[in-house]
């Protein structure tokens, strides 16, 4: 565990939250504001941002913190450059926390996905985080170029990956690889931005209730649901509470449930630890049982495709018979 004594201390600070028009980003904005932390909400859709501002303000009407929003397409690099220039140069606002929460999943079988689906996955789940972080870091370096590395103020970048980056499986080819890329990016930037007093954390949420989660259920293959199991998603606000609590305790690899923590033990690598001694033990156990678990999952996948193929043939035969009757 790195930065074990580095608590968030959100009160009186400023947070920039990208992807704050709904879901986890909006709930993190709510929780931070309730801790008297000023928040800038960033997303593309102004009407959604205004609605979130009203919701958050009504939760703590006597709060001294400020709430504002910026419309920005974080998948567009030049939009991000303009955002940071407006904040740091024009408005003299230098966020202490940068939460990269933009993301969406279209769970389908690989053969059912379209080029547009993949483009959305890349732009929303990876490019947004990359653009915001890179343009922000460049703006800070340019603005404070007269400072030595250790003189930069403390800043904190929080990436949101997913538990499926620990264990990717059928149905998530549009989503999981990009969340794995976020995990990898966080490791690299911990090295490259750390010398400039940036703390870099990566969050790996499990299922939580949100608008996005409801949309996922509409396209999610039955085999994907079967592998995930019937666990009930936690609320978005509970997820935000867990994340902020773990970050405040100094953890830079954050999971939101026990299953996520267990799966994280299977791919420890150079990730910052969370209960590291126990993770090493669980990791050893995983190295023994993982081949068996993979066999069981793959057996179910084979069964799914065989059943699916049989059903498609039967449906085709029924349609063909009906067409022949019409012809006669």
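Including glycine, each Cβ sits where the backbone N, Cα and C put it.
According to Swiss-Prot, the feature transmembrane segment maps to residues 277-297, out of the candidate ranges 277-297, 298-318. Site annotation for NADP(+) in Swiss-Prot covers 16, 73, 175, 179, 210, and the matching candidate from 24, 67, 185 is 24.
Looking at 4-8, 9-13, 19-23, the range annotated in Swiss-Prot as motif 'GXSXG' turns out to be 19-23. The Cβ neighbour count for residue 161 (active site, proton donor), using a 10 Å radius and every protein chain shown, is 27.
Counted with DSSP, the motif 'GXSXG' (19-23) comes out as 1 helix, 0 strand, 4 coil. You'll find the Cα of residue 161 (active site, proton donor) roughly 5 Å from the Cα of residue 179 (active site, lowers pKa of active site Tyr). Secondary structure at residue 161 (active site, proton donor), as computed by DSSP, is coil. Residue 179 (active site, lowers pKa of active site Tyr) carries a helical DSSP state (H, G or I). Residue 179 (active site, lowers pKa of active site Tyr) counts 26 other C-beta atoms within 10 Å of its own C-beta, drawing on all protein chains shown.
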